[in-house]
Amino acid sequence: MINMTKQVSKILAGLFTALFAGSLMASDAPAVGKDLTQAAENIPPAFHNAPRQGELPALNYVNQPPMVPHSVANYQVTKNVNQCLNCHSPENSRLSGATRISPTHFMDRDGKVGSSSSPRRYFCLQCHVSQANVDPIVPNDFKPMKGYGN
């Protein structure tokens, strides 16, 4: 009798597991590749106190990437789309009045200049960052090189 109860318990547990797993498998699969605009990596973090659009902030050292003088909230920069180039590409900068991307952005790792931006320089926000008008979290005693900065 005890053996039979154990067997029935195992069978019932197996049935419930199969039903539960079956219902999970039957549910709709996520729409991969269809609409990724709400994927976690495509939702930008909140950015507060962006400076007003205006002149470029001063550089602090030689070869510093220029800082972005406007908000880039909701800008899409992915392997397929780079919204920065809507204004900053050589063709569009003439119309938009935006700063043209540097010729160095067209060089590959061997120094050869191509007709389009190099993959190494395509993701603008790796180096060029927006600034915010906030108090520093920690004191900063950095002094810009002579001839640079404010």
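Cβ atoms are placed via backbone N, Cα and C, with glycine included.
The signal peptide annotation in Swiss-Prot covers 1-26 and is backed by experimental evidence. Look at Swiss-Prot and you will find His70, Cys84, Cys87, His88 tagged as heme c 1 binding site. Look at Swiss-Prot and you will find His105, Cys124, Cys127, His128 tagged as heme c 2 binding site.
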Over all shown protein chains, what is the count of other CB atoms within 10 A of the CB belonging to Cys124 (heme c 2 binding site)?
21
Same-chain residues at least 6 positions away from His88 (heme c 1 binding site) with a Cβ under 8 Å from its Cβ, in sequence order, are Ser96, Ala98, Thr99, Arg100, Ile101, Cys124
Going by Cα-Cα distance, pick out whichever of the binding-site residues His105, Cys127, His128 is nearest to Cys84 (heme c 1 binding site).
His128
What count of other C-beta atoms do you get within 10 angstroms of the C-beta of Cys87 (heme c 1 binding site), across all chains shown?
15
Count of other CB atoms lying within 10 Å of the CB belonging to His128 (heme c 2 binding site)
15
Measure the Cβ-based neighbour count of Cys84 (heme c 1 binding site), defined as the other Cβ atoms within 10 Å of its Cβ.
21
Around the heme c 2 site (His105, Cys124, Cys127, His128), what further same-chain residues have their C-beta within 8 angstroms of the site's C-beta centre?
Pro65, Cys84, Ile101, Arg121, Phe123, Leu125, Gln126
Record-listed heme c 1 binders His70, Cys84, Cys87, His88 have a maximum CA to CA distance, in Å, of 13
